[in-house]
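The structure appears below as structure tokens.
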């Protein structure tokens, strides 16, 4: 609180003669609100700079990577926006007007956090940033290798606990979350204390995508988030005694485009061997493609839309100008809906996606319908019996 603010407070503390008591109380309340929000609040109304305190029964967790597409999101559903692009005060104000939290991205080198003093400094820096930007918490996104016997194993759990304690203490109603792989079984050599981290934060965002990051079988193109494999990951988290209410299902709004070394008549696409963290093949042989691009390309494909009944995922084949065959795997409302049923059956905390910018918000009639269908599928369904 700056000195001019203090002087201003003292001036109104002595009631001038003739001012009705209720009017004075209202004035004091307004000034207190402005002081609490800060004089540099960028929002049209100062109360929009106050942190969100409400905790929804069902979480819809949105990752936003920048620009202004957020203006076209389905705000009737959104509960949290994790900002992984440049900070946008307009987004913060608008999200708060809709009762949605806006949280920071948290990333740090695991080698550094072994030092408790470094952890304290990092947390203080992030907390100060959240306060000055009127944000509601932090999403910790650390996808680095950790050896089970290394000092980083315990340091990471300590970082999450200390971050949660600090944010909860300093920002009322704040939220601290942690991103985990689709399975707790040391995916990409990430040996984390998943139960300890889940206990230490508000909830885990399970990244149920990039599930071909380590291909141990045939080097062929496959679904980004195969149905059975995805749900097995959640079963494994729950078997570790992690409360389902600590799990948010993350779904992909993008796919993978693979160049086929060979494309068989029964649509098996052999891909180049690109090793990753010990595995002989990986989805690094392909490139990520947003849903909006996929929807534009599918009509000009050589196969049309195809469906894999085992992986319960859509895909298609196309031929590029150089004559090479490609296979594209992705998720659509049908595949997402099948997986989302698990959320209600096992009472997970909610759903989210990477990332909301992947849809077409141009206003084109066909694109608009496709975009609405992707948002619609996030809504909780009736419990399956």
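Along the chain as shown, residues are numbered 1 onward.
Every residue gets a Cβ built from N, Cα and C, even glycine.
Residues annotated as signal peptide in Swiss-Prot, with similarity to another entry given as evidence: 1-38. Summarising the annotation, Swiss-Prot assigns domain 'GH18' to 39-385. The feature active site, proton donor is assigned by Swiss-Prot to 143. Taken from Swiss-Prot, the feature N-linked glycosylation site covers 193, 228, 262, 299.
Around residue 193 (N-linked glycosylation site), the C-beta neighbours below 8 angstroms that are at least 6 residues distant in the chain are 153, 154, 156, 157. Mapped onto three states, the DSSP output places residue 299 (N-linked glycosylation site) in helix. Near residue 228 (N-linked glycosylation site), with the C-alpha within 10 Å of its C-alpha, lie none of the recorded positions 143, 262, 299.
Looking just at the domain 'GH18' (39-385), the mean pLDDT is 97. In the three-state DSSP assignment, the secondary structure recorded for residue 193 (N-linked glycosylation site) is coil. Compared over the recorded positions 143, 228, 262, the count of CB atoms lying within 10 A of a residue's CB peaks at 143. Long-range Cβ contacts of residue 299 (N-linked glycosylation site) within its own chain (separation 6+, distance under 8 Å) are none.
Rounded to the nearest whole angstrom, the C-alpha distance between residue 262 (N-linked glycosylation site) and the residue listed as 'active site, proton donor' is 32.
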